[in-house]
Amino acid sequence: MLQTLYDYFWWERLWLPVNLTWADLEDRDGRVYAKASDLYITLPLALLFLIIRYFFELYVATPLAALLNVKEKTRLRAPPNPTLEHFYLTSGKQPKQAEVELLSRKSGLSGRQVERWFRRRRNQDRPSLLKKFREASWRFTFYLIAFIAGMAVIVDKPWFYDLRKVWEGYPIQSTIPSQYWYYMIELSFYWSLLFSIASDVKRKDFKEQIIHHVATIILLSFSWFANYIRAGTLIMALHDSSDYLLESAKMFNYAGWKNTCNNIFIVFAIVFIITRLVILPFWILHCTVVYPLDLYPAFFGYYFFNSMMGVLQLLHIFWAYLILRMAYKFITGKLVEDERSDRDETESSEGEEATAGGGAKSRPLANGHPILSNNHRKND
């Protein structure tokens, strides 16, 4: 049964054009071809990336944060309360008004004190500014190095300047060591991101991030063993061209360098729009959808690869919408902030001095705490 499934999965008609077999991609005459077994190394490399990241964040990113004067906000901790803690862990982090009243009776606290406890408890679970800075520093370092290395790999190749040459001789295209390592390192890095996503800073596009990482891993893996390597290197370099700008903008944001952050963000937005919404769909996707049909009839691998490209393109459109929203806020004089991230909830003087009946009554309240203005600083 398993052998039958294995044989069917690797059936040549799924992954290769008509009249070609895996035997055509066996190494010969000193020419090396991509093989699925090459990808096994990416899993131990992904674990190595996690180890390197740990020491990088400890011995590079943390001292850099201190040098840039990244200051942590003082967060008031919620006092121990078994009743409220049990509700927080089992029923929800933002109780409705009826639930607040019920919890108030059970805990012996006032409704305002219950709301304040939940605000503090939610803030405790939010990642610290230092954690965000270290994560952004790690990604900035990788994306910058990957972009420079990727350009070094492809800039002297003829298909970098003439996309029709991507398919010249396909699929009998041998690989070179620089392409091999470029692929293995990029794929390993995305595996490491998928492994660490549960412990990384969780943003509002958490599900989209998982979809992106999975689609990228599938796309890179397929493009390797089906010998879409030339197209794959172009796609990887195109993505890395803007990612390091976003991470550097985050780093300066956490350090409080707002003008630098805003300026880098505008450059990032321009590069992102050009690369992801212009070059990728109108050059790269056109190259992978149209040009192969001049050589071979469409086959399953052709549809599969371009379907994964379509998933990534939809995610790019989603993120471009968020980026344009942030760019609009910047142009209209508001702070540039990451639309995907959560932010700390502040406590008004009325909230802290509930018994004093303070003067915050004129401010609108939502779930018992003041609604924050649009230009309130987020953590990301």
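Cβ coordinates are placed from backbone N, Cα and C, and glycine is handled just like the others.
According to TrEMBL, the feature DNA-binding region maps to 69-129.
Annotation source TrEMBL lists compositional bias 'Acidic residues' at 344-353.
Positions annotated as domain 'Homeobox' by TrEMBL: 67-128. In this model, the domain 'Homeobox' (67-128) carries an average pLDDT of 85.
According to TrEMBL, the region 'Disordered' annotation covers 338-380.
Within the chain carrying the transmembrane segment (45-68), a Cβ under 8 angstroms from the stretch's Cβ atoms is held by residues 130, 133-135, 137-138, 141, 184-185, 188-189, 191-192, 195-196, 251, 254-255, 257, all 6 or more beyond its ends. According to TrEMBL, the feature transmembrane segment maps to 45-68 (among others).
Per TrEMBL, the feature transmembrane segment maps to 140-160 (among others). Packing against the transmembrane segment (140-160) from elsewhere in the chain are residues 56, 60, 166, 168, 178-179, 182, 185-186, 189, 230, 233-234, 236-237, 240-241, 243-244, 247-248, 250-251: each is 6 or more residues past its ends and has a CB under 8 Å from a CB in it.
Remote same-chain partners of the transmembrane segment (210-229), defined as residues 6 or more beyond its termini with a Cβ less than 8 Å from a stretch Cβ, comprise 15-16, 25, 33-36, 38-39, 170-171, 173, 175, 179, 183, 186-187, 190-191, 193-194, 197, 235-236, 288, 301, 304-305, 308-309, 311-312, 315. The annotation transmembrane segment is assigned in TrEMBL to 210-229 (among others).
Within its own chain, the transmembrane segment (264-284) has Cβ neighbours under 8 Å at 163, 231, 234-235, 238-239, 241-242, 245-246, 248-249, 252, 309, 313, 316-317, 319-320, 323-324, 326-327, 330, 336, counting only residues six or more beyond its boundaries. For 264-284 (among others), the entry in TrEMBL reads transmembrane segment.
Under the heading transmembrane segment, TrEMBL lists 304-324 (among others). Residues 205, 208, 211-212, 215-216, 218-219, 222-223, 226, 228, 235, 268-269, 272-273, 276-277, 280-281, 284-285, 288-289, 339-340 of the same chain lie 6 or more positions beyond the ends of the transmembrane segment (304-324) yet place their CB under 8 Å from a CB of it.
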Within the domain 'Homeobox' (67-128), residues counted as helix, strand or coil by DSSP: 36 helix, 0 strand, 26 coil
